[in-house]
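Below is one structure, written out as structure tokens; the observations come after it.
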Amino acid sequence: MSLLMAGSLMAGGVGAALADDASAPAAASAPTASASAPDASAAAAASAPEAAAASAPAAAAASAPAAAAASAPADASAAAAAAAPAAPTAPFSVDSSKINSGDTAWMLTSTALVLFMTIPGLALFYGGMVRKKNVLATLMQSFAITCVVTVIWTVVGYSLAFTPGGSFIGGFSRVFLAGMNYIHGDKATTLTVSHLAPTIPETVYFVYQMTFAIITPALITGAFADRMKFSAMLVFMSLWSIIVYSPIAHMVWEPTGWLASAGILDFAGGTVVHINAGIAGLVCCLVLGKRVGYGREVMAPHNLVLTLIGAAMLWVGWFGFNAGSAVAADGRAGFAMLTTQIATACAALGWMFAEWIAKGKPSVLGIASGAVAGLVAVTPASGFVGVMGAIVIGVVAGVVCFWSATWLKHKFNYDDSLDAFGVHGIGGIIGALLTGVFAVKDIGGADGSLILQAKGVLTTLVYSGVVSFILLKVIDMVMGLRVSEEEEREGLDVVLHGERVE
């Protein structure tokens, strides 16, 4: 409890400092706003003698300046409120002069960083952990998902996620990117922007969000490594992206979404990406069943060098994931980068020391997995919490995810091949809930609520879990999900792709 109090105090201190910085411009502009008050008072005072001469009481003349002065700010505020345009609720067109070049440059960079997380980052991270006979099949899954989801996101995914519609799903106004344009004229250039990112071209925001839609299903593949048909995987991921990912993204990130309007805090995808992928991965490994020989044969990673390189790429790319979610090159992006780095380091150390105590030696796989667990856990919190909040989230994620990937998995005897649920599902839940504990209003503009965060977690778990189960069962009935036992023993590289690593 003392640690939580310390975290809140430290976070509040940092937040207060940010608030002081933010108030400086407002203070500087205050004299300009009030400069007209003396003129209004003077005019009122000048008219007072005439009113007195017309037999008005002297007291009325004395009170006139005060009344005029009191009413002036109220009238000015009312006029300003009436003149202020309503905030846009859908993508709209602007002149190119309205685009912020700094924000756009940062978001272009962030987009490349997040795509880099999947290919090659996640592909190498997962590829190094499987057995040699399945490494190409594992790499192929991430690469193919990148291609398939790119097309799906262009056709319908983006529209369902990030346009106004209902509380649970968006509309069809951006199907095939209809209406998204860049018009270069002789005298003026216009282009569309998203209502969620009005300072950058909508094309940039579209591709940035596409990279999130790509990595989410790619994360699921770690749960069923070594045993799922490539064809069945493609069908499942295609349907899952439309029926599961886009609705969850809409509910959490679109302002009209059910969870967003309720006040759920998810800065960069703790629920949308990690809990969503984690629970889908758990359902996948349960429906497919265990690998042949699981629990009886050694299934050691074939190349931890690839895994460590992949983890390092994920770490670097994650700055685009979290800091990029500010959708601006500003102080909040910098703060998200800071908390991401701190939480990741703390989680890596937390996992390493937990493993050291439990098994007598720290491992390369352990510290790499701990780093990813920290990245996952800080994802929903990175733009809302302070430094001490990031430290606590990191340490808790490292230790608890180690427990879930070892004791919990063996206790319930499920074969989550590469710990997709143990790291992403559990890590996402930890991060989402602790965001409700450590969120600082002066940093993120909102106070946290553990109850609201739990609502978001449960909604994602239930919706993604149930729909994933239904999709898998239907696909299994139509075309089958799993390769045969003989094919699994031979290895997916040769059986599915006709290639092997020498």
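Cβ coordinates come from backbone N, Cα and C, glycine included.
Sequence annotations record features per position, and here TrEMBL assigns domain 'Ammonium transporter AmtB-like' to 105-500.
Residues annotated as signal peptide in TrEMBL: 1-19.
Among the features that TrEMBL reports, transmembrane segment is placed at 105-127 (among others). Nonlocal intrachain contacts for the transmembrane segment (105-127), taken as residues 6+ away from its ends with a CB within less than 8 angstroms of a stretch CB, comprise 135, 138-139, 141-143, 145-146, 197, 200, 204-205, 207-208, 211-212, 214-215, 218-219, 221-222, 225, 303, 306-307, 309-311, 313-314, 316-321, 323-324, 327-329, 333, 368, 372, 418.
If you look up TrEMBL, you'll see 139-161 (among others) marked as transmembrane segment.
Sequence-remote contacts of a segment are chain residues at least 6 beyond its ends whose Cβ falls under 8 Å from one of its Cβ atoms, and for the transmembrane segment (205-225) they are 107, 110-111, 114-115, 117-118, 122-123, 126, 129-130, 134, 138, 141-142, 145-146, 149-150, 152-154, 157-158, 161-162, 177, 180, 193-194, 196-197, 233, 237, 240-241, 245-246, 249, 269, 272-274, 276-278, 280-282, 284-285, 288, 321, 324, 327, 416-421, 424. Annotation source TrEMBL lists transmembrane segment at 205-225 (among others).
Note on the transmembrane segment (232-253): residues 141, 144-145, 148-149, 152-153, 156-157, 160-162, 165, 167-170, 196, 209, 212-213, 216-217, 220-221, 224, 259-260, 264, 266, 271-272, 276, 280, 284, 456, 459-460, 463-464, 467-468, 471-472, 475-476, 479-482 of its chain, located 6 or more positions outside it, place their CB under 8 angstroms from a CB of the stretch. According to TrEMBL, the transmembrane segment annotation covers 232-253 (among others).
Beyond the transmembrane segment (259-288), the same-chain residues lying 6 or more positions past its ends with a Cβ under 8 Å from any Cβ of the stretch are 167, 212, 215-217, 219-220, 222-224, 227-228, 236, 240, 244-245, 248-249, 251-253, 321-322, 324-325, 336, 376-377, 379-384, 414-417, 420-421, 423-429, 431-432, 435-436, 439, 444, 446, 448-449, 452-453, 455-457, 459-461, 464-465, 468-469, 472-473, 476, 481-482. TrEMBL lists 259-288 (among others) with the feature transmembrane segment.
Within the chain, the transmembrane segment (300-321) has long-range Cβ neighbours (under 8 A, six or more residues past its boundaries) at 109-114, 116-117, 120-132, 135, 212, 268-269, 337, 340, 344, 364-365, 368-369, 371-372, 375, 379. As annotated by TrEMBL, transmembrane segment applies to 300-321 (among others).
Here TrEMBL flags 333-352 (among others) as transmembrane segment.
Residues annotated as transmembrane segment in TrEMBL: 364-381 (among others).
Long-range contacts of the transmembrane segment (387-408) within the same chain, counting only residues at least 6 positions beyond its ends with a Cβ under 8 Å from a Cβ of the stretch, are 3-4, 6-11, 14, 338-340, 342-352, 354-355, 358, 366, 369-370, 373-374, 376-378, 381, 416, 419, 421-423, 426-427, 430-431, 434, 437-440. Residues or ranges marked as transmembrane segment in TrEMBL: 387-408 (among others).
What TrEMBL records for 420-440 (among others) is transmembrane segment. Away from its own ends, the transmembrane segment (420-440) comes close to residues 4, 7-8, 11-12, 14-15, 219-223, 265-267, 270-271, 273-279, 281-282, 285, 369, 372-374, 376-381, 384-386, 388-389, 392-393, 396-397, 400-401, 404-405, 408-409, 446-454, 456-457 of its chain (Cβ-Cβ under 8 Å, at least six residues beyond either end).
The transmembrane segment annotation in TrEMBL covers 452-472 (among others).
Tertiary neighbourhood of the transmembrane segment (333-352): same-chain residues 18, 106, 267-268, 315, 318-319, 322-326, 362, 366-371, 373-375, 377-378, 381-383, 385-387, 389-391, 393-399, 401-402, 443, selected by CB-CB distance under 8 Å and a gap of 6+ residues from either end.
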